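Q: Right, I'll just put the structure down here and ask away after.
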Amino acid sequence: MAEYWTLDDFEIGRLLGRGKFGQVWLARERKSGFVVALKIIPIKEIQSAETVRQIRREIEIHSNLKHDNILRMYGHFYDRDSIYLILEYAGKGEFFRFLSEKGGRFSEEEAAAYIRQVISALVYMREHSVIHRDIKPENLLLGCDDQLKIADFGWAVHNADKRRMTFCGTMEYLAPEMVNNEMHNGSIDLWCLGILTYEFLIGKTPFESKNRNMREAYKKISSLKYSIPETVGSNASDFISRLLVLNPGDRMDLGDALRHPFISRPG
Ligand SMILES: CS(=O)(=O)NCc1cccc(-c2cn3c(Cl)cnc3c(Nc3ccc(N4CCOCC4)cc3)n2)c1
C-alpha cells in the first residue's frame, strides 16, 4: 500500500451518489486495479469546526473497523481542495432503495436475515466500544452478495463513558434519552435496532409524525406511543417490544437479541 495516496493513484468512474457532504464516485486504484468508492468532500463545503471534528472522528473510528457488515474504510487523503475517503464499493448500492423496490417492507424471513447482520455488526462495534447512533436504512448499503453494510459513521463516537451530545441521528429514530437530552450509551443502538426492525417489517417507522413535527414525534417517543399491526408475527412483535423500551438499561441486549426466536428461528 502506498504510504500516501493522491487522486492520481485513482481512475475515477461514474458518480454513485451524493451524501450530506460531498459526492461518492466509483474509482479504481491504478496499480492494483482494485475498485473502490471514493467519497470526495470539498473543503469549501466544510463550514463549521464541528463538521471538521465530525469528519475527523468518522475517519478515526471507521478506519479501524473490519467486519463483513460494516463498509470498509481503506484509507483517506486530502489535497488543497478536498478530503477523500477510500471506501469499500458496495455492489448493490443503497439499502433503502432496495427496501423501497420491495414495496417498502420485507417478509419476516428477509427482515430477520438483515437484522441478524446488523446485530452481528453491533456486537463487533460493542467489542470496539463504538456506538453508531444513527442506524437507519439511509445509512445502510448492500454488497454484491446481498450483504448488508453499515456505512456513514458521521455520528459514531467511542462509548467511553456516558455521553451527552447535542441533537444527532434522525428524528423518527431518536431514542428517548436523546429526546430528553439525557446521558446515553451503547444502548442507543439497541433502540435504533428496534426502530429498524419495525420499519423493515411494517414499511414505516413507529413514531412517524405528520409533516415532520418534532414536538409531536418527541411526545410519541417519550410516551412510547406506538402500535404493532396484528399482521406481524408474535416473535417479531415480541422482539421489537423488547428493544423499544424507554429505560436504556431495560432494553434486550445484543446477546439475547441473537438468541431471540425471531432471529434464531425466523418466520
Ligand atoms: C449518504 S450516501 O452518500 O451514502 N448516499 C448517497 C449515495 C447515493 C447513491 C449511491 C451511493 C453509494 C455509495 N456507495 C459507497 Cl460509500 C460504496 N458503494 C456505494 C454505492 N454503490 C452502488 C452500487 C450499485 C449501484 N447501482 C446498481 C445498478 O443500478 C443502478 C445503481 C449504485 C450504487 N452507492 C451513495
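Every residue, even glycine, has its Cβ placed from backbone N, Cα and C.
Found this in TrEMBL, in case it helps:
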DOMAIN    10-263  domain 'Protein kinase'
BINDING   K20, K39, K44, E88, Y89, A90, E138, N139, D152  ATP binding site
ACT_SITE  D134  active site, proton acceptor
CROSSLNK  K136  SUMO2 cross-link
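In the displayed structure, how are the listed features positioned relative to their neighbours?
A: Note on the domain 'Protein kinase' (10-263): its mean pLDDT in the predicted model is 90.
Sequence-distant neighbours of D152 (ATP binding site) (same chain, 6+ residues apart, CB-CB distance under 8 A): G19, E58, D134, E138, N139. DSSP assigns D152 (ATP binding site) to coil, not to a helix or a strand.
Residue density at K136 (SUMO2 cross-link): 19 other Cβ atoms are found within 10 A of its Cβ, drawing on all protein chains shown. DSSP gives K136 (SUMO2 cross-link) a coil state; it is part of no helix or strand.
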Q: For each of the recorded positions (K20, K44, D134, E138), count the other CB atoms lying within 10 A of its CB, then report the residue with the highest count.
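A: Buried the deepest by this measure is D134.
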Q: Based on a Cβ-to-ligand 1 distance below 6 Å, what subset of the recorded positions K44, D134, K136 would you report?
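A: Correct list: empty, so none.
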Q: Within 10 angstroms of the C-beta of Y89 (ATP binding site), what count of other C-beta atoms is obtained when all protein chains are considered?
A: 21
Q: For K20 (ATP binding site), what is the secondary structure state per DSSP, taken as helix, strand or coil?
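A: SS state of K20 (ATP binding site) = coil.
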